[in-house]
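Trainee: A single structure is presented below for examination.
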Amino acid sequence: MRLIPRALCGAARAAWRESFPLGGHAVARWFPGHMAKGLKKMQSSLKLVDCIIEVHDARISFGGRNPLFQETLGLKPHLLVLNKMDLADLKERQKIIRHLEGEGLKNVIFTNCVKDENVKQSLEYCIMVIGVPNVGKSSLINSLRRQHLRKGKATRVGGEPGITRAVMSRIQVCERPLMFLLDTPGVLAPRIESVETGLKLALCGTVLDHLVGEETLADYLLYTLNRHELFGYVQHYGLGEACDDIVSVLKRVAVKLGKTQKVKVLTGTGDVNVIQPNYPAAARDFLRTFRSGLLGPVMLDRDTLQSHPSAGAQGHRPAETDP
């Protein structure tokens, strides 16, 4: 939720961090290599498909895509599906599309596979569905089955990466014409372009939170929300005012939710039980609330969009209109 009285954050705005301390964060430790086995299996399955759909998170429209997909699988027609549009701030959707067109991506659609929005646009061929972990590849397949076959889930989905572990057999998604999809495991790039891109991917659930650290991720989330003037967390948790100190925010979240724990403290007169906030539990709730959309839509790549002006309207095909 964006509409917060400006007086709420006016006094604190001068203290907003202009950058996030990236030192000491070794992004290579977060991501389990380039997952060569999965990519090799995709290559061997190319002969079975006519088209490739790459699914990515609409909140990080420009960053975090695996360049090896284009290098290794780029011989097939390519459609980029930016999923989770319901969680993304898409007020500048046309600018996003033009920016991607400038990168050579001519076929781009936005979807919400939970509510089956825009999904029918993607059904054209026998298709292999690829992407980094936890962007909604299995959800897209299940959504197409619901719309065209009125059938339930064919692939497991979940809110964490690693649910799909192998290239699956062909999954029917339509009767007339007869259409099949291949689900594939999420494959990350062998080298993430920057620590900040890694943090954005982690915020979207691409890796397990504990590999990065829940409190580190919560701190980056707070930094991002404040910089974008998205103060929905203040109202959601009843904090009274915005704050840029993650320890203070998590302490208040923990108290609000009753997430506290007894800790023994050694004093000169013996052990004393002290009630302390459960910071990891509060951080997990903060992240879960963000990912469920309760803190409002966000465009994590907004800085990229603003720093790279898109080409003018001339020379481009008319972009799709908002649904």
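Even glycines carry a Cβ here, placed using N, Cα and C.
Pasting the feature list from TrEMBL:
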{"type": "BINDING", "residues": "N83, K84, M85, D86, N134, V135, G136, K137, S138, S139, G186", "note": "GTP binding site"}
{"type": "DOMAIN", "residues": "127-200", "note": "domain 'G'"}
Trainee: Let me know the largest Cα to Cα distance in Å among the GTP-binding residues N83, K84, M85, D86, N134, V135, G136, K137, S138, S139, G186, as an integer.
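Mentor: Site span for GTP, by Cα atoms: 21 Å.
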Trainee: Give me the count of other Cβ atoms within 10 A of the Cβ belonging to S138 (GTP binding site).
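Mentor: Taking all protein chains shown, S138 (GTP binding site) has 26 Cβ neighbours within 10 Å.
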Trainee: Taking the Cβ of G186 (GTP binding site) as centre, how many other Cβ atoms lie within 10 Å?
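Mentor: By my count, 23.
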Trainee: For N83 (GTP binding site), list the number of other Cβ atoms lying within 10 Å of its Cβ atom.
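Mentor: If we count other Cβ atoms within 10 Å of N83 (GTP binding site), we arrive at 28.
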